[in-house]
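Features reported for this protein in TrEMBL:
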| type | residues | note |
| --- | --- | --- |
| TRANSMEM | B:12-34 | transmembrane segment |
| TRANSMEM | B:41-58 | transmembrane segment |
| TRANSMEM | B:64-83 | transmembrane segment |
| TRANSMEM | B:95-115 | transmembrane segment |
| TRANSMEM | B:135-159 | transmembrane segment |
| TRANSMEM | B:188-209 | transmembrane segment |
| TRANSMEM | B:229-249 | transmembrane segment |
| TRANSMEM | B:261-278 | transmembrane segment |
Amino acid sequence: MSAFLEIEGLTAHYGDFKALFGVDLTLDQGQTLAIIGANGAGKTTLMRAITGIARVTGGSIRLAGRDIARLPAPDILTAGIAMVPEGRRLFPSLTVEENLQIGAHARKGSGFWTLERIYTLFPILRERRTQPGTALSGGQQQMVAIGRALMSNPTVLLCDELSLGLAPVVIREIYAAFPTIRQSGTAIVVVEQDIGQALKVADHVHCMMEGRITLSGRPQDLSRAAIHDAYFGVNHA
Amino acid sequence: MIWLDTLVQGVMLGGLYALFAAGLSLVFGIMRLVNLAHGDLIVLGAYLILGIGTATGLNPFLAAALALPVMFAFGWLLQTALLNRVLGDDILPPLLVTFGLSVVIQNVLLQSMTADSRKLPVGPVESASLPLGPVTVGVMPLLTFGSAIVVILALNWLFYHTALGRAFRATSDDPVTAQLMGIRPRRIFAIATGIALVVATIAALYLGARANFDPSIGPARLLYAFEAVIIGGLGSLWGTLAGGMVIGVAQAFGAALNPEWQILAGHIAFVAVLLVRPRGLFPRAND
């Protein structure tokens, strides 16, 4: 059986700069995948290419058998891929509730995720719902960003650097929502610099370096030394 | 009492300037596009109302109602076919294109409608007035001001109580992230320009009903609109009304002192407000 999300030989550019060099990865329904790597490894470019924000110049991205590699970003969301962007990027002129509602802008029909379910997942957001999204703490903003992405009822949720700039206790609180998200049938791709956190939540890990995947495997099958070497580009040969 | 009367007339005139400015403010607020053809589009709207009225025999108010959807469609097409192509990080291309559009509209109107001054025949309401306490106010100025209030209330309702308004604000904040929400910024921009031209057509009705117009008066209307938007604070609709009233009151008092000072007084008020509040009276917090 083929995977739910299949990426083959993906290349992407920022202007003239080639940022991804033939990336391959697969994701099954309900699975959690972690992509780790240092700054500039190409993780965010990969997320942006999947969601149609970065220009794909080669390869394919298949979602449930359909090639979505060159679709515009709104069509990719409609196809079922939502993203929590790096830095949250909440809309400053919208309240918390409006930020959540805008996530459902393109949704057709009902689905598992509703405002009520988001407020159950992150109860603090109900109390803050009339405040501007950007007036919240970093952790609460991250909750809004996750809730906003879930409001489209995605089949794949891409999370770019969830832990960036957050205290460990807040990171744990945010990752505690993952089992509920997975139970809703949504597969998750997490981009993380925090290796420990990534290994804890993922069924499968890919390490990226200079626009290429340099190591892949299940967390329990990868040694700390192998991850360390792939992360920092150490070659013992 | 003459000063109170002057103040009231100035406030009423401010309503007309707010109508000139509301569409400009809407377009700038959403897509950061400075439309140098806005004044000419208002004049185009006035000619369209005149044309519909002449062809059908309808009163200008009814003719304007027919012109509204036509101007919405024209705004949509203009944005989709032309302005969306030049929007980007560089602000110069849209400025040049809308400047060119302004010249084209003026010349097409000059060629097709001649340079003769025209006026919309609204009938007896033109000279009707109402006593309001110690002052007497013309029905047309009152209608103009009332329309400005209604337009701004409607635009605020659209912005803050509808899904389209949320999409407008989200696109204005961050068009790239808006795409991740399934929003198509170019489509949003086309709707915004369509709505801006609907407001411009309402402004055109009162422009043509209250004074003569000809193909060359667009740039001066643009100037008043700019001043109203900047005095009010970029992107703020109520601020735009306040800005229009500041210019209107200044012009009314300037004219009361000396008719030659009317226009100059409005420009001096504009500079004076900017000296005290460089970001305008009601700037948006996140600009």
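Yeah, the Cβs are placed from backbone N, Cα and C, and that goes for glycine too.
Counting same-chain residues at least six beyond the ends of the transmembrane segment (B:41-58), those with a Cβ under 8 angstroms from any Cβ of the stretch are 20, 23, 35, 64, 66-67, 70-71, 105-106, 109, 113, 118, 120-121, 197, 200-201, 203-205, 207-208, 213, 215, 217-218, 221. Note on the transmembrane segment (B:188-209): residues 16, 19-20, 22-24, 26-27, 30-31, 33, 35, 38, 41-46, 48-50, 60-61, 64, 67-68, 71-76, 78-80, 83-84, 87, 118-120, 122, 126, 140, 143-144, 147, 151, 155, 158, 164, 167-168, 171, 178, 221 of its chain, located 6 or more positions outside it, place their CB under 8 angstroms from a CB of the stretch. Among B:12-34, B:64-83, B:95-115, B:229-249, B:12-34 has the largest number of CB pairs under 8 A with the transmembrane segment (B:135-159). The recorded stretches the transmembrane segment (B:229-249) and the transmembrane segment (B:12-34) share 3+ CB pairs below 8 A when only pairs 6 or more apart in sequence are counted, and are therefore in contact.
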